[in-house]
Amino acid sequence: MVYIKQIELSHFKSFGGTTSLPLLPEFTVVTGPNGSGKSNILDALLFALGLSSSKGMRADRLPDLVNSTYASRSRSTVETLVTVTFALDDWQPEAEETEEGEGTGLQPGMAEWTVSRKLRVTPSGTYTSTYAMNGEACTLQQLHEQLSRLRIYPEGYNVVLQGDVTNIISMSPRDRRQIIDELAGVAQFDRKIEQAKGKLEAVKEREDRCRIVEQELIEQRDRLAKDREKAQKYQALRQEQATKQSWEAVLRWRAGQRQVQALQRSLAQLATDAATDQQTQQTLEQQIQQTEATLDRLNQRVKALGEEELLKLQAALAQQEAEQRQSQRQQQELVESQTQTQQQIQALLQTQAQLQTEGQQQAEQARTLQTTIAQTLQPQYQQALEQVEAARQSAHALAAQSQDWVTRQTSLRQQADAIAAQVEPQRAEQAQLQERQTQLQQQLEATQSALVTVTAELETETEQAEGDRAALSQAEAAVVTAADQLVRLEEELQIQQETRDRLLKEQRDKQRQLDRQESLRQAMQETQGTAAARLILDTGLPGVHGLVAQLGRVEPRYQLALEVAAGGRLGYLVVDDDGVASAGIELLKQKKAGRITFLPLNRIRAGKQPEIPRWQQPEGLVDLAIALVDCDDRYREVFKFVLGGTVVFERLDQARRYMGQYRIVTLDGELLETSGAMTGGSIARRSGGLSFGSPDSGESAEVRAIRDRLEQLEVILDRSELQILNLQAAIKDAASTLSDRRQQQREQQLTVQQRQQTLQRLQQQQQQLNAELQQRQQQASQAQARLAALALELPAALKQLKTLRQALAELEDSPIHGEWQQRQTLLQQQEALLQQQETALRQAEQQLQQLQTDQKRLQERAIAARTQVSQLRQQQGEQLNRLAQLDEQQRQQATAIAQLQQRQAQLEAQLGQEKVDRDRTERQLQEQRSQRQNLVWQQEKRQQQQQELQQQLTDLEVQLQAEQQELPQPLPDIPEMVQQQGIEALQHELRSLAKRIQAMEPVNMLALEEYERTQARLEELSEKLTTIEAERTELLLRIENFTTLRRRAFMESFEAIDRNFQEIFAHLSDGDGSLQLDNPEDPFSSGLNLIAHPKGKPVRRLASMSGGEKSLTALSFIFALQRYRPSPFYALDEVDSFLDGANVERLARVIRQQAQAAQFIVVSHRRPMIEAAERTIGVTQARGAHTQVLGIPQP
């Protein structure tokens, strides 16, 4: 808990010397006689902490705070020093504070923190005041910054003086509301709003500058647009001229090309003919050669009887037959494979049947065996068991007859059996221990191996668990971050929605205001006649010039005088003639739109104007009214009619001398008629009235402000709606992200839990293996020790057993022993038979179990056989498909073989015609040789013609090559119509274009580039203006959001303080009270009223209460403020002075209750307050000199 631990005063006011006042964190009352210096302790707090000026410490100047006795005795510099020590028990800085690292400031872990202030006063009356923290100098601002960390504020109510209660009572409601403004931090929002408005003004200035530049660029662009249009036309004509000139050159060149092509075609035709003849000749030569070869071949074929072709056909036929055989082999293989598959299926089916049969047989065997066991083996075993029991009883009877022999034999046998019984278990135990030791060694090795494995797994899982826990921490941090983001977005959305709702309400209110103003304006227009004029002007009636007020202009200093002189005639409508006026009157009648006076220019006649010679001008005369109007000459008669012969004087006293001589108006608006009537007094310039230069009843500044605000609200609301939509989308995304992060967190938690379970399981396994290892080691040690003991005990026991058995053998040689031996032999035989029967029974049971196992194995084999049968049948289906393909292939091969065989038969039939063909070929050879001779004669004639055409082609190509170098590259595309019209029409168009181009010159060709540059600058500026507009809208929305936050902060503070006030007032007065705003809808233009309802009295406002009630209400308000923003200490100076005893008791109880959370120092001399205090400090003056303090024991 933070509290004031000590106050040290040196020469402060009534305190002489140095006085230390220790304090405790409790309810302390400072009491004493009037004038003893009680309140000076609180003044010392205000002085040291810089919470008040000298006026607040009841001093005119700071030097008055120095002890007067001390100051009067000393002729040198005097000083006063006050030091306040704070105890910082358990104090920690707020989470949002940043540590500055300064030694003088508050630091975590400090036990105490001191603040001091020294005032030095020189003999001349000048003074210096210095503050210090922990003995180091600081500024007042630095001190207040550190005090604010302790929740001690200059504007707070840590120290409440008598005047503070009175101020609460006497201050205006608006000032009282400003107290809550300070606590709510409204000033901070006001600073933000002002900063935003400053930025908005800067943005507006930038926008205005850009608008000016934009207007200049638009004007420049419009000027350049005309030059650009002419330059574009000129450029198009020049381009068209160049294009058509290129067309002309191309057409000339193409005409030459066509001539070249014609010659080339002729040459080509000759060459083609020559080539054709040559080809024909070559063909004839080839035909001749072929015919000769054919003739030779026919001769040979006739001799050879066509053997070669027949061989080829036979080879092809053999190939087809080989392929057919190959297909048949494949088909055969598939058939065989299919057969094998079918055989495998049959074998498997047989196997299935065999397995089924074997299963049935084994089942039958099992049933038979079960019957044998139940009906034969089990009864035989019971019978043998009964016989063994009978033999044993007979042996016992024989033993009773030969008691001595039996006794001795029994004794020896018992001894031998006892030793054997002792030895045999030991030998068996030794064997078991040896086997056990071997098993334990193996188990130890296995356990150690398993322990190593589990330990390695445990280390791996531990590392993974650490990683999982780190991932879980990250997932939890991500969830917190996503949740904070969602909360921030929702808070911002709520602010935006509140701002939107508030602006919508303001928009509706402004619209209603505008509607009321419009209604008033319309009503005023109707009374002035301008409504009818507006109707005439809006209909576009020809011949209407406008209202008289629109057609003239005057200087502002004469405007009032001339408007008074003109009066209602400013609302007359000027038209061309009386016909237009008649049509306007008819229109008003039809529309029932009221009446108006028309002034036809062809009919209007003004009266005679007074003439005042310049040398006779009266004192104070300004001029004739008509001379002060600036208008078009055609409206001069109109204004003479409107103003009449009115003259303008400066003042009324000057005009009165000429009253009755002229119609006079003064600059202040007094009107003096020639009839003697005088009009004057106070004049109100009504909004909406007609004035010179206004088109109609202009809008008032209030209406324009409302319209501007409505436009601004429309822009801000659009931006706000966009922000709300964006925030809603962002909230949706943030909620989705938060859900995903939470799901990841849950998954990670599940992973960590599973990993923890795995770790626990491995740890348990490790513990079990360790315990098992220890147990095995202990068992091995025990077995080893027991084996060592047996190695010592067994040899002696075996020797004794041998001796006993020899003695027993000698005894058994007697006759009694023979009979005993027979009985024993019979018993052994029957026991052996019993053992055989038992063995047979056990074997039968094992065989039955084996049969059951075999039945299970047969079932598994049957299932496998069924699966294999299914696979083989699938393979069989694939083989059938392949057989069908091979059948189709064999049919095609058979068809090909049949065709080859048919051809072979035809060739064999044709061999008989070979001789006839040979004779026909000889005649053909003679005709071909004759054609070859005619072609030789035609070739010689064509060669001569070709040489003449080649010379013409060479000359024309040289000419075209020179023209081709001047052609544009690539060649332009010439329209089909131009090609059809010909080169003469094109040359005519070129001459016409040349004349048009010459007529347009000169042309500003730079306008093309300048226009584009200007347009680019204008587009860039438009983008910049769009950005500035968005920035301005954003600033407007920010201002509105700050306004929303300011109102929210105020209302939250107001509502909290109101709740505190109601609770505290109920304790102080046994009544109820509340805080009330004059206008809750607009709290910042409202005042704050304290409404109280003391018990048994009607509800009253603060002004109508008694003095005590006012004090209680004001104190309740102060305590409500303190509770809203708590501080570590409070000091009250005689706040109970206006209260009666009962109210002082209630006040003391409230303070004692409040003191549980903060330190209270109360200056009072009222008994109920002193009795309620936990500690009392007395203040007195020693012999009227200095104030002294002392502790008073509590009763």
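Just so it is clear, glycine is given a Cβ too, placed from its N, Cα and C backbone atoms.
Per Swiss-Prot, ATP binding site is recorded for PRO33, ASN34, GLY35, SER36, GLY37, LYS38, SER39, ASN40, and the stated evidence type is sequence analysis. According to its DSSP assignment, GLY37 (ATP binding site) is coil.
Summarising the annotation, Swiss-Prot assigns coiled coil to 185-241 (among others) and lists sequence analysis as the type of evidence.
Annotation comment: Swiss-Prot describes 273-348 (among others) as coiled coil, evidence class sequence analysis.
Positions annotated as coiled coil by Swiss-Prot, on the basis of sequence analysis: 380-528 (among others).
Averaged over the coiled coil (698-1043), the predicted model reaches a pLDDT of 78. The coiled coil annotation in Swiss-Prot covers 698-1043 (among others), and the record cites sequence analysis as its basis.
Marked as domain 'SMC hinge' by Swiss-Prot: 542-658.
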Most Cβ neighbours inside 10 Å, all chains, among the binding-site residues PRO33, ASN34, SER36, LYS38, SER39: LYS38
Sequence-distant neighbours of ASN40 (ATP binding site) in its chain (C-beta under 8 A, six or more apart): LEU9, PHE12, LYS13, SER14, PHE15, THR1187
Cβ-based neighbourhood (8 Å from the centroid) of the ATP site, residues PRO33, ASN34, GLY35, SER36, GLY37, LYS38, SER39, ASN40 excluded: SER14, GLY32, VAL1179, GLN1181, THR1187
Fewest other C-beta atoms within 10 angstroms, as judged across GLY35, GLY37, which are the binding-site residues: GLY35
Secondary structure content, the domain 'SMC hinge' (542-658) (per DSSP, counts of residues): 57 helix, 22 strand, 38 coil
